[in-house]
Every structure is written in structure tokens, then in C-alpha cells.
Amino acid sequence: MESVIFSINGEIIQVNKEIITASPYNFFKRIQDHHLKDEAIILNGINYHAFESLLDYIRWKKINITINNVEMILVAAIIIDVPPVVDLCVKTMIHNINSTNCIRMFNFSKQYGIKKLYNASMSEIINNITAVTSDPEFGKLSKDELTTILSHEDVNVNHEDVTAMILLKWIHKNPNDVDIINILHPKFMTNTMRNAISLLGLTISKSTKPVTRNGIKHNIVVIKNSDYISTITHYSPRTEYWTIVGNTDRQFYNANVLHNCLYIIGGMINNRHVYSVSRVDLETKKWKTVTNMSSLKSEVSTCVNNGKLYVIGGLEFSISTGVAEYLKHGTSKWIRLPNLITPRYSGASVFVNDDIYVMGGVYTTYEKYVVLNDVECFTKNRWIKKSPMPRHHSIVYAVEYDGDIYVITGITHETRNYLYKYIVKEDKWIELYMYFNHVGKMFVCSCGDYILIIADAKYEYYPKSNTWNLFDMSTRNIEYYDMFTKDETPKCNVTHKSLPSFLSNCEKQFLQ
């Protein structure tokens, strides 16, 4: 019986000529006359056992492909040109892609020009980008490859600070390509992260390119009242859809977003004060009642920082309280802070670096009702007085922007709205031009390079130029409005000394 001899890494395989002749594959057609010669056909780049598996497939139309042998069989099938086996191997690899092997499969697909595997592995990287940064192969991605990944509209990052941490980890392995940092959009980053990058000696150029990462764009949550039942809706920039999350029957509550959950704090139900806090996951729409606060109260002030929800002051029946406490997301124990110097409700609270600032509101007892202008700062585990606001205000809204505080006041006893800037380093207040007037309740949040105000219409205030934009928007019956990103960078004063600790904390929070 005539045979064709193959040599693979010094090992010999003799194959019946009839198998070669009957094969429909081009590789075997080209060597059908080679058996007339005495020398063996040398096959390079093919595993001996993989070639045996291909011969079994050619003879019996059966092949044993596992996750352990799929790559070597696929390489052999590509070189020998056996398309059915190539397809089987590619399907096996795609079925077994995960965050720990997707970069290796991505590189494999490029090496052998396998488009389906390339697309599948790229999709896995895009969906699990924060996890794949732990892969030793991550640092070997080229600059162009990482740029393509991070520029994809569906790349799974929820904040531009996360993108920054991904880039910093890659730059650590590729110090000659620091200019990749220019794919960042600084207006979507926190001041803290921008300062950290500056301390590293990196400069982000002003980008005129459109924002492609949908995940870094602001989510929106709205609570709208109708017949004493308020409906909660959520807008996702990744899906571009509004979805109804649920309902609440509370009044005089406060709300805040932390780790993609909406917390509804205190308030009243059927004219009765409550001390419960409800939490709804904005993705799963699942509700949970978290541990009660220390007392029954409404009209509290809230702020969030570093994974913690802070609740300050409030109204306990008819008396203002100075209680300050916080709850870490995912835990069940409220931690008490020292009480405010002046109890109050309806004030504003905001973080600047590691410090809490509380301002305005109302101090009330059974005998007194005092509208406040004083400002307190919680720093180094104690409250201290700061320069008071220029006027007394019972309704105050405050946001941090570029290390300072911007305050917009509502009206009750006041005759008009005011806009102030508090310069933190100078402990100084200045009054700025106010675009609108005679608005009581509103919602204020910082959105990159502008401050968004939802009042009788939608306003954008640009602090750097002290200019305003006005947009038509129906604001009727809105009880709460907030724009947010899904991850919260720790707010702290980053210095050269604290920079390593800050970056380490961010890496643990964002990339693990």
C-alpha cells in the first residue's frame, strides 16, 4: 500500500495515498504526486498531534476539539486549509472567551487573520475593559489598539476617571507613548483626577473630538409627582432610553445617587415623619430598605463622597436638628459625626476635597424661627465656623466646581434668587450675576464644564466665563432631578505625597 510521508519536528507520519487522493482540500491536492519521491514532506509550524487529529477528521469526519487543544488544531487547520475544522475551532474559542483570556485570543486572531475571533475577542475586551487591565498582556496592546478600544461607543467605563486610570496603568508599561492621554475628555473628569494627572507631569490637550464613550456621559434620574405618588425614571446615555424605575409616596424627603443607586432619605408619609432610607438600583430596579437613621426627620441635607452617603441636619417634628451621620454603601451601620454647631434644616451641604461645607437653612425651636446665613465646615473631625453668606437664606443649593463652591438660593421669605461663589482657599464670598428670578424650588448639579440648574426652565451656567444658556424644558411637578456618572472618585486634596495612595485607592475601586 503506497503512502505519503510527512515529517513534523523530526517525527514521521505515513499516510495512505488513498486518503490523500480522496481529500477535497487544496493542500492535499497539491501533493498527490509527491509520493513518487522518496523524501518526506516537511511540515513547519504544525503540531504533530494536531496533524493526526486533522487526518482523523479527513478520514472519519470526526475530531475531538477541547479548550486545551483548540489552538494547535486551529493553527494546523489554517496551514493545511481545512475550513470545516477552522470553523469548529473558532466556534469553540468564541464560546470560551472570558475576561482572563480575551487579550490572548485577540492577539491570536490578529496573528492568523481570523475575523470572527477578532470581533468576538474585541467585544469581550470592550465589555470587560476594567477587568482585563489585570492581564499581564494588557500592557502589550499597541497604542492604536488601546485607542480603538477606549474610543468605542460601548466601552464599559462609567466615568472618565476610570478611563484615566486605565490609561495610567498602560502608560506605566509604555512610557514612550504618554500622548495617548490626549484621548481623555477633561470636562468629564473630576478635579481630583485632573490634579493627579498634572502631578504626574502629564498634560491633557484640549480635545475638539466628539465624545464617543457613551458610558461617561451623564445619566439622569427624575422624580416627578402626580396625585401624591412620585414616579422615578432613569435615562441611560448608553441605551438612550428612559425607563421607569419605581414609585415613592414620600414628601419632604431628600435624595442622592451613590454607586448607581438612588437613595431616598427621610421625609414624611401620610403626614408622619419617617427615619427610614430606601434604595433602588437604577439598573436592576430592585428596591431595598436600608438601616434606619438615628431619628425621624425630614428636609435633611445630603451629600456623597468616597462611597458614603452623608445626612446632615433636618427637621425632627417642629425642631431643627444638628445630627450628622453617614452610611457606607453596601453596609448597614450609620456612623455618627459630631453635631453641627447650629442645628438646621433645608440647608445645603457639599464636599470640597475631604471637607464638608454646610450653609444656610433654618434654625427652629418651638419658640424660635431663624433663617441662617452661617457656614460650617467639618474638617479634622470637628465643625468650625467659616465666613457667613452675604445674606440669610432658608433655601440653598450648592455645588463644588474647580475647588470652590457655587451657591444658588431659592425664595420663600426672600424677594429674589441669588448666585454666590465661595472661594474656599480665601474663605471669601462674592456675588455673581443671576440670570433668573422668583424661583422657589430647583435642582442644581455640576456637569463637567458647566453647572446645570433645573428651575422654571433648564439653565446652564458656565463659571469660567460667568455666562448662561437657557433651554426650554417642562419642569412642572418635578420633585427631584440629578445628573450623575456611575463611579465616584474619592474627593481629596491630592499632593505629591498623597498621590501614590490616591492612585492606589482609585485602582482598587475602578479596576478590580
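Numbers run from 1 along the shown chain.
In case you wondered, yes, glycine gets a Cβ from its N, Cα and C as well.
For the domain 'BTB' (2-67), the model gives a mean pLDDT of 76. Taken from Swiss-Prot, the feature domain 'BTB' covers 2-67.
Under the heading repeat 'Kelch 1', Swiss-Prot lists 216-261.
Feature annotation from Swiss-Prot assigns repeat 'Kelch 2' to 262-307. The DSSP breakdown of the repeat 'Kelch 2' (262-307), given as helix, strand and coil counts, is 0 helix, 23 strand, 23 coil.
What Swiss-Prot records for 309-354 is repeat 'Kelch 3'.
Here Swiss-Prot flags 356-403 as repeat 'Kelch 4'.
Here the repeat 'Kelch 5' (405-449) has Cβ contacts under 8 Å with residues 187-188, 218, 348, 350, 352, 357, 359-360, 371, 375, 386-391, 393-399, 455-457, 459-464, 466, 468, 470, 478, 480-484 of the same chain, all six or more residues outside its ends. Swiss-Prot lists 405-449 with the feature repeat 'Kelch 5'.
Shown for the repeat 'Kelch 6' (452-498): DSSP residue counts in helix, strand and coil, namely 0 helix, 20 strand, 27 coil. Swiss-Prot lists 452-498 with the feature repeat 'Kelch 6'.
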* Candidates 216-261, 262-307, 356-403; stretch with most C-beta pairs under 8 Å toward the repeat 'Kelch 6' (452-498) -> 216-261
* Asked: How do the residues of the repeat 'Kelch 1' (216-261) split into helix, strand and coil according to DSSP?
  -> 1 helix, 31 strand, 14 coil
